[in-house]
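Right, one structure below, let's go through it.
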């Protein structure tokens with residue numbers, strides 16, 4: 001389909017091809033005929049493209065501001081420390097792309113070749129793609145409806161030339177919206193290893209994580225586990241731990257026990273994490289002895305173990 005109008009109702013809508021916003025759209029006849037609701041041929045194209053990607057991991061969160069993109073970035077950094085491991089980091093947070101800043105790649109641009117878009121490489125074995133690379137300024141607002149976001153995610157998955165990759169990490173926006181459904185739908189046939197869900201200890205965050213886990217069950221997306229971020233603060237002088245965000249209902253640990261999902265680990269607060277992200281540096285390198293770094297490394301190892309044990313079983317995710 002050609003470029004959709006800004007306020008497109010979507011091909012699955014009863015108003016497809018008939019709404020006021022459809023007037024003058026080059027796809028109007030296609031949508032009105034119902035052909036637009038047929039299985040997207042891009043699903044098979046993406047499946048073919050993803051044959052060179054061994055493991056695919058979605059990073060989810062119920063709320064914004066819990067450290068999801070920070071975790072995605074450091075998962076990529078940690079995996080890429082092994083020079084023999086090829087890592088790709090895809091940022092599909094269309095309206096709030098923070099990966100370019102966290103990875104120290106602000107101002108970089110995407111180049112196109114005969115084999116598709118070339119990711120921006122931080123290291124020889126760590127490639128990054130984000131809508132942030134397509135904006136003229138990091139302050140530009142992306143004001144898109146669902147169909148246009150969907151088209152961008154499709155293009156990222158189908159047209160980016162990742163090459164041979166061991167791990168594709170997909171950093172998503174908070175919640176369970178169009179972007180998540182699109183990612184699951186397009187990657188379903190290509191086999192997703194699972195999702196890592198990020199939370200903070202307080203109930204207001206856990207409440208939305210329960211919804212996120214429910215979303216994963218509904219679309220048959222395996223849950224690799226939950227990471228509790230900002231899990232206490234260890235004073236660098238006296239080594240005493242304080243609960244900045246008190247786990248009033250038991251935190252992620254009790255929630256994981258109740259829902260029978262793995263708790264991958266707890267990452268304590270460390271002000272140097274924020275500083276490293278603002279500078280575009282790897283916190284794992286900047287503060288190798290921090291309790292937070294040790295927690296990150298333990299979590300990364302558990303994710304690697306999960307992926308190495310998981311083999312494709314031919315199960316169908318929603319939309320496949």
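Just so you know, glycine gets a Cβ as well, placed from its N, Cα and C.
Quick caveat, the model's predicted, so the values are computed rather than measured.
Marked as [4Fe-4S] cluster 1 binding site by TrEMBL: 8, 22, 25, 31.
Residue 66 (ATP binding site) has a Cβ environment of 24 other Cβ atoms inside 10 Å. Marked as ATP binding site by TrEMBL: 62, 63, 64, 65, 66, 67, 68, 69.
Within 10 Å of the C-beta of residue 238 ([4Fe-4S] cluster 2 binding site) we count 7 further C-beta atoms, all protein chains included. TrEMBL lists 235, 238 with the feature [4Fe-4S] cluster 2 binding site.
What TrEMBL records for 54-210 is domain 'AAA+ ATPase'.
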Which of the binding-site residues 8, 22, 25, 31, 235 has its Cα nearest to the Cα of residue 68 (ATP binding site)?
235
By CA distance, which of the binding-site residues (8, 25, 31, 235) lies nearest to residue 67 (ATP binding site)?
235
Within 10 Å of each Cβ, count the other Cβ atoms and name the one among the binding-site residues 63, 68 with the highest count.
68
Around residue 69 (ATP binding site), how many other CB atoms lie within 10 A of its CB?
29
Can you tell me which binding-site residues out of 64, 66, 69, 235, 238 are within 10 A of residue 25 ([4Fe-4S] cluster 1 binding site) by Cα, answering none if there aren't any?
none
Just going by other Cβ atoms within 10 Å, which of the binding-site residues 22, 25, 235 has the emptiest spot?
235
